[in-house]
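Colleague: Sharing the features that TrEMBL gives for it:
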TRANSMEM  B:12-33  transmembrane segment
TRANSMEM  B:40-59  transmembrane segment
TRANSMEM  B:65-83  transmembrane segment
TRANSMEM  B:90-109  transmembrane segment
TRANSMEM  B:139-160  transmembrane segment
TRANSMEM  B:180-208  transmembrane segment
TRANSMEM  B:251-269  transmembrane segment
């Protein structure tokens with residue numbers, strides 16, 4: 001099943017290439033899972049970036065590693081560990097009072113301690129579970145090639161449930177994220193929404209980290225969303241761009257990883273950073289043009 | 001088992017030497033990190049250390065060269081690109097997500113080259129303080145001493161700049177240069193801590209003692225010393241614990257003690273709202289210079 005010695009060659013005929021790639025059931029599963037993950041992470045990540053909770057998102061993503069390691073140590077399926085630890089950590093972070101937008105250093109210190117301790121626990125579990133050490137890299141960096149059909153089904157169900165929940169609270173959450181003070185005055189339950197969002201974020205990271213590995217969940221959460229927020233301020237358009245960028249980098253990353261000996265994570269993060277850099281550049285250029293355009297209009301007007 | 005049997009083993013004394021230095025550097029640097037609300041940056045620099053370390057290994061250089069070069073260069077980059085503001089969090093996050101992907105690339109590059117290299121990534125990620133040689137420990141202690149001295153050198157203006165940037169700038173304190181110098185120190189410290197507890201856990205050594213010190217005292221110089229002292233004590237306790245119970249990896253033991261101490265301060269000490277350092281300094285600013 002593994003592609004150890006020889007790597008397939010890209011033939012410049014996309015139809016035959018895709019057909020050859022999808023002849024392998026694991027590649028089909030990787031594409032299915034990647035699609036679901038990109039949509040889920042794109043939507044949740046957009047809200048995460050909007051709420052400036054990247055650090056919390058990163059911590060939740062890291063905590064999935066001890067979750068999986070603990071479940072393996074106890075002899076139960078890692079899925080349980082992923083969800084238990086991610087949702088648990090989400091509740092811990094939600095219990096920390098938020099001091100304004102972005103939070104204070106003290107709050108960040110606690111979040112950081114939670115994260116480092118969680119990872120240290122993961123390392124302990126791995127050390128206690130001998131023979132697991134070979135799998136630690138795939139746990140941390142993910143392996144797209146080993147996704148089973150059952151995992152895809154679970155992932156799809158969780159993603160659908162998470163997105164449905166998010167759709168339910170989408171409007172008040174948007175209000176509470178953009179202006180928490182005004183939202184609170186208007187009677188929006190800001191605190192409850194904040195807890196609910198963190199739990200959804202935890203669920204999404206747990207679902208995603210089974211596929212991409214602990215360390216790279218964050219890439220799919222933050223980069224497409226950051227790209228979208230460079231390009232548009234409108235929520236609907238932003239969500240669409242975020243999902244589309246996520247899909248594009250996941251698919252191209254999968255294809256690149258299939259044709260090379262290097263890991264999927266490297267390609268996905270590199271493509272995502274490239275798109276983000278292009279989006280920033282586009283924004284800078286657009287602003288420069290916008291500054292010049294009125295001047296030129298005025299000049300031509302005066303000439304007439 | 002007597003405590004002193006531990007010192008019969010050279011690996012333990014090396015670990016103690018390096019660990020003490022690393023903790024003494026991480027404590028004060030972490031205090032400023034928390035004070036300036038730049039913990040996320042410290043997190044990012046820890047991940048950069050991973051990529052730098054593996055890049056050096058993959059290209060055949062000394063591990064430490066990669067650690068220090070990558071973190072310091074990245075620190076300068078962060079400092080040069082953006083003012084310290086909330087809006088930069090997303091940019092930092094994007095870049096360091098890519099840095100991790102790059103680390104995964106170097107990991108495959110390095111581990112496919114020889115079968116014996118399979119666990120290199122693990123030891124860079126989670127540290128191997130009991131595996132340091134005498135020379136490595138000496139270099140680690142020396143680097144830590146340099147970091148400590150640098151922190152002591154810029155502590156006073158940095159405190160001023162951290163507590164009230166605008167007033168400090170108006171008073172002629174070179175706020176931007178200080179911020180950049182501090183980031184370089186954080187980078188060096190993250191590289192240092194990677195050798196002890198690993199790049200993923202270095203954040204804990206920076207954040208936990210500093211968080212506890214913030215909780216225990218509102219006076220900046222006391223807190224600086226306390227943060228360093230706590231970090232060193234936690235390092236010693238962790239090393240001793242791991243020696244007594246060999247099943248516990250030292251990185252876990254150190255982090256567990258640090259987390260326990262922080263949680264203890266969290267639940268026993270109430271934050272003094274009226275007397276926090278910021279409000280004191282702000283109050284002090286009204287008539288004259290802040291009493292730092």
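Every residue, even glycine, has its Cβ placed from backbone N, Cα and C.
What you are looking at is a predicted structure, and each value in this text was computed from that prediction instead of being measured.
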Colleague: Could you give the residue numbers and ranges of same-chain residues that sit at least 6 residues beyond the transmembrane segment (B:139-160) on either side and whose C-beta is under 8 angstroms from one of its C-beta atoms?
Modeller: 17-18, 20-22, 24-25, 28-29, 32, 35, 64, 68, 132, 167-168, 171, 173-174, 178, 181-182, 185, 188-189, 192, 195-196, 220-221, 224, 228, 290, 292
Colleague: Considering only Cβ pairs within less than 8 angstroms, which of the stretches B:12-33, B:40-59, B:65-83, B:251-269 has the most against the transmembrane segment (B:90-109)?
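Modeller: Answer, by Cβ pair count: B:40-59.
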Colleague: Could you check whether the transmembrane segment (B:12-33) and the transmembrane segment (B:180-208) come into contact, where contact means at least 3 Cβ pairs under 8 Å with the two residues of each pair 6 or more apart in sequence?
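Modeller: Contact confirmed: at least 3 Cβ pairs fall under 8 Å.
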Colleague: State, in range form, which of B:40-59, B:65-83, B:251-269 has the highest count of Cβ pairs under 8 Å to the transmembrane segment (B:180-208).
Modeller: B:40-59
